[in-house]
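Heads up, the thing below is written out as structure tokens.
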Amino acid sequence: MQDAENVAVPEAAEERAEPGQQQPAAEPPPAEGLLRPAGPGAPEAAGTEASSEEVGIAEAGPESEVRTEPAAEAEAASGPSESPSPPAAEELPGSHAEPPVPAQGEAPGEQARDERSDSRAQAVSEDAGGNEGRAAEAEPRALENGDADEPSFSDPEDFVDDVSEEELLGDVLKDRPQEADGIDSVIVVDNVPQVGPDRLEKLKNVIHKIFSKFGKITNDFYPEEDGKTKGYIFLEYASPAHAVDAVKNADGYKLDKQHTFRVNLFTDFDKYMTISDEWDIPEKQPFKDLGNLRYWLEEAECRDQYSVIFESGDRTSIFWNDVKDPVSIEERARWTETYVRWSPKGTYLATFHQRGIALWGGEKFKQIQRFSHQGVQLIDFSPCERYLVTFSPLMDTQDDPQAIIIWDILTGHKKRGFHCESSAHWPIFKWSHDGKFFARMTLDTLSIYETPSMGLLDKKSLKISGIKDFSWSPGGNIIAFWVPEDKDIPARVTLMQLPTRQEIRVRNLFNVVDCKLHWQKNGDYLCVKVDRTPKGTQGVVTNFEIFRMREKQVPVDVVEMKETIIAFAWEPNGSKFAVLHGEAPRISVSFYHVKNNGKIELIKMFDKQQANTIFWSPQGQFVVLAGLRSMNGALAFVDTSDCTVMNIAEHYMASDVEWDPTGRYVVTSVSWWSHKVDNAYWLWTFQGRLLQKNNKDRFCQLLWRPRPPTLLSQEQIKQIKKDLKKYSKIFEQKDRLSQSKASKELVERRRTMMEDFRKYRKMAQELYMEQKNERLELRGGVDTDELDSNVDDWEEETIEFFVTEEIIPLGNQE
């Protein structure tokens with residue numbers, strides 16, 4: 001039978017080597033390896049393929065090729081079943097061999113067929129021996145023609161396949177039939193109201209209404225004692241999957257103030273009953289000292305840091321911002337694979353890698369935490385820096401969502417995974433100002449989750465038909481969303497207080513095309529930019545609906561503009577906003593002020609501006625109007641306290657503008673990602689005075705390191721502003737010292753060098769005088785230390801220089 005095997009498989013192997021057929025690979029790809037059936041079938045095929053090269057028979061019919069279907073592999077891996085197993089090498093149609101000898105108890109007819117099979121195998125084996133010499137003679141001719149034998153891909157004789165079926169076919173084995181005793185579909189619900197017979201039917205209706213959402217309920221049982229229910233019930237579903245879904249979604253359901261359901265699977269009781277009574281003391285984890293993660297805030301000169309990516313992303317550096325030249329803190333090659341991002345308070349630096357995200361911090365920027373998420377592309381931090389949201393476009397499964405994952409930054413543990421719709425916009429989850437809530441919008445639904453449980457608020461989502469967009473207030477747990485018109489129902493903007501879900505303001509709007517929500521940084525105001533088409537008119541008119549959030553009943557003021565709106569931006573710490581409107585080349589910028597009496601006043605309008613973006617200083621008052629990319633980098637620095645243009649400049653082809661956290665400096669840059677030449681970043685003062693031009697090879701990105709909110713109260717800040725003149729004298733003195741610091745260091749260095757030279761010269765002179773007697777002895781008593789010590793040895797030479805005299809008249813001579 002072994003000889004039969006050595007003949008059968010080579011025919012199939014050489015059939016696969018025909019032109020147009022798939023050639024065998026040296027090492028199969030991982031996907032093919034996963035589909036390779038485990039057990040005796042795989043090593044057996046490998047062994048017979050090795051023998052094909054030894055025999056050298058090249059006659060096989062087209063039917064000898066072997067293909068193992070995935071379904072057959074699954075059946076083979078799943079163990080014994082009624083369906084036949086995949087054919088072995090002896091059963092191949094083109095091998096001229098019958099199945100192996102049956103075991104005891106098989107049909108006699110099959111034994112007869114086996115005897116015929118043995119005789120045929122012996123004949124073929126003898127024929128193979130006769131052909132061995134002919135194959136050896138044909139080998140040189142085959143090498144000359146380039147027809148060499150295929151390489152051997154067989155496993156060695158001592159090879160042991162230690163890969164289990166679960167590793168290879170885990171996804172298939174997961175769905176194989178399993179024995180069930182029926183209790184997998186039963187759940188136990190605790191904290192159910194205890195009622196008597198008169199209210200039992202009503203309770204059953206309520207329970208059925210709640211739990212029938214998860215599947216068909218086939219049976220229920222309400223235990224009673226002393227004429228009342230015991231406070232727990234049993235429900236049986238038609239499928240175990242429905243029971244699992246009920247536990248997942250109904251556990252913690254709040255029926256009323258006194259009753260919150262606790263739902264468990266009935267099978268959980270066995271699991272908890274088998275817990276060992278012996279408690280193993282957990283191993284104490286050593287404390288990992290990460291150092292001072294906010295050390296940069298204690299810098300004596302109060303300088304800020306920023307990150308720079310250059311050389312097309314191959315190098316990343318961290319710098320101190322210095323007026324003269326940036327001071328490098330850390331520089332690493334291939335620190336990130338795409339880009340970097342700072343956390344909201346500047347504690348962590350996030351770098352992107354194919355396998356996940358890494359967080360860095362501390363004085364030496366050591367790795368603080370890492371999160372494994374294959375193919376991650378986008379991230380988002382919670383405002384409190386406690387949670388990290390990562391997104392990967394790789395496919396995820398229905399049972400285990402992996403597209404979006406929320407992580408606990410402190411522990412590094414995964415909190416929850418979510419699916420992601422392809423039409424969503426990042427960030428998909430938007431956080432409340434304190435990180436206690438986060439929300440996402442799907443079709444006709446607004447889902448609000450709470451931390452740290454990561455579950456739905458009140459265990460249910462908000463059904464909002466047609467919801468288009470939403471946004472959290474930066475100053476409180478208030479969420480704003482808008483809904484478009486639906487037939488005769490007007491569009492509306494709604495402000496909702498959370499977690500109570502109370503609607504504190506609703507604004508109806510008509511003839512609406514689109515809405516954009518713009519919050520002021522402190523949450524004092526909300527501007528809803530409404531594009532609408534009034535009846536009887538052509539074109540689009542824009543209304544700015546200003547909600548004054550700090551006043552009773554949230555009054556709304558309206559500013560209407562008939563020109564095209566290019567950009568809108570609130571002053572971060574104030575009540576002014578700026579609007580870019582018009583069309584090139586007639587672009588104007590208007591500055592408005594929201595007064596306490598509710599009146600919105602136009603402060604100033606500048607015409608003929610080359611700008612398409614508005615960048616407010618983080619501290620307010622100052623603003624940069626920038627014409628990025630297509631507008632060739634035109635810059636205008638404006639002081640909105642008196643609405644004066646402090647300076648007009650240009651950074652050709654600028655693609656980005658970044659204010660530092662203090663509002664003292666601003667950076668304009670040309671990124672290699674958007675423009676392939678003139679890549680650099682320039683540092684300006686808030687007044688528009690250029691300080692530095694830093695050219696970096698293939699510069700990509702610059703990001704300032706954020707600062708956490710100040711610990712000072714508003715009263716303390718007011719007092720500091722009142723005493724600013726006293727502090728300004730100290731700052732001016734430090735500035736003068738810093739300006740002369742470089743010259744002082746140079747003078748001090750030169751003075752030190754001169755002093756060292758004088759010491760060395762004195763030491764050399766002393767040594768020279770000590771060696772004078774030795775010199776006299778070596779030179780026969782002749783003193784050569786002085787030039788006039790031996791006049792007889794002098795030679796006098798006279799050198800003449802020819803000097804010509806030329807007279808050049810100066811001025812006019814009459």
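The backbone N, Cα and C atoms fix where each Cβ goes, glycine too.
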Candidates are S117, S154, S312, S471; I want to know which one Swiss-Prot annotates as phosphoserine. S154
Can you tell me which of these residues Swiss-Prot lists as phosphoserine: S125, S588, S671? S125
Of the residues S78, S317, S372, S743, which is given the phosphoserine tag by Swiss-Prot? S78
Give the nonlocal contacts of the repeat 'WD 6' (554-598) in its own chain as ranges (CB under 8 Å, at least six residues past its ends). 495, 504-505, 507, 516, 518-522, 524-525, 527, 529, 531, 539-548, 604-621, 623, 625, 640, 643
Where's the emptiest Cβ shell within 10 Å among the modified residues S164, S239? S164
DSSP on the repeat 'WD 4' (426-489): how many residues come out helix, how many strand, how many coil? 3 helix, 30 strand, 31 coil
When pLDDT is averaged across the repeat 'WD 5' (490-553), the result is 93
S164 (phosphoserine) and S239 (phosphoserine), Cα-Cα, nearest whole angstrom: 30
S239 (phosphoserine) -> DSSP, reduced to three states, gives coil
